[in-house]
Amino acid sequence: MAKNRFNQHWLHDHINDPYVKMAQREGYRARAAYKLKEIDEQDKLIRPGQVIVDLGAAPGSWSQYARNKLAQGKKRDAVREGGIDGTIVALDMLPMEPIADVHFIQGDFREDEVLHQLEAVLEGRTVDLVISDMAPNLSGVASADAARIEHVCDLALEFAQNHLKPDGALLVKCFHGSGYSQIVEKFKQQFKVVAPRKPKASRDKSSETFILGRHLKHPR
């Protein structure tokens with residue numbers, strides 16, 4: 001009975017969420033697009049000509065936002081013809097519906113086969129921006145969840161270290177709680193500039209936050 005009440009309450013909040021309504025109106029697959037939008041507007045992350053990699057991209061709202069932003073950077077005639085000023089690669093183990101001008105690779109980005117596909121798209125270019133809205137399945141057990149969250153962030157950090165330009169940036173989703181300070185410390189070891197971000201589109205009740213790292217300390 002309690003679970004049913006929780007589901008009904010969540011559904012009511014979801015239906016009446018202004019960001020959900022806005023996403024439906026503007027064609028985004030999820031309200032998460034507005035989290036990236038707010039952070040991008042604050043930190044000027046996405047710029048014409050960039051190479052962007054979206055980790056854990058499905059269902060694709062972050063890639064949609066990045067695509068729309070890079071489309072704005074095209075000259076007027078080029079926009080009519082389609083295309084974007086830049087490259088976006090979306091990676092996920094789950095399937096994802098196609099997005100115009102976005103290269104989607106399905107698979108685990110730790111595996112060689114997936115990395116070879118990524119390298120084929122990049123054609124020797126390094127990455128300007130890595131974005132990750134990945135989150136593990138949470139159990140409700142604080143210690144176990146902290147380890148899972150840290151592991152996901154570690155994966156994004158390792159990917160960024162291997163693929164980012166020296167002046168590149170990494171944006172990842174994280175959660176406040178046990179283990180958060182350790183994740184921030186890892187960012188500080190890897191990046192010269194580290195900043196937490198809590199966009200308004202993140203629900204007030206959620207411990208969700210984002211960590212932005214810029215300028216690698218030890219580029220490869």
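Cβ from N, Cα, C; glycine included.
The S-adenosyl-L-methionine site recorded in Swiss-Prot comprises G60, W62, D92, D133 together with one of D43, D108, D112, namely D108. Distance noted between the C-alpha atoms of K173 (active site, proton acceptor) and D133 (S-adenosyl-L-methionine binding site) is 5 Å. The Cβ of G60 (S-adenosyl-L-methionine binding site) lies under 8 Å from the Cβ of R29, A30, A90, M96, E97, I99, V102, each of which sits 6+ residues away along the same chain.
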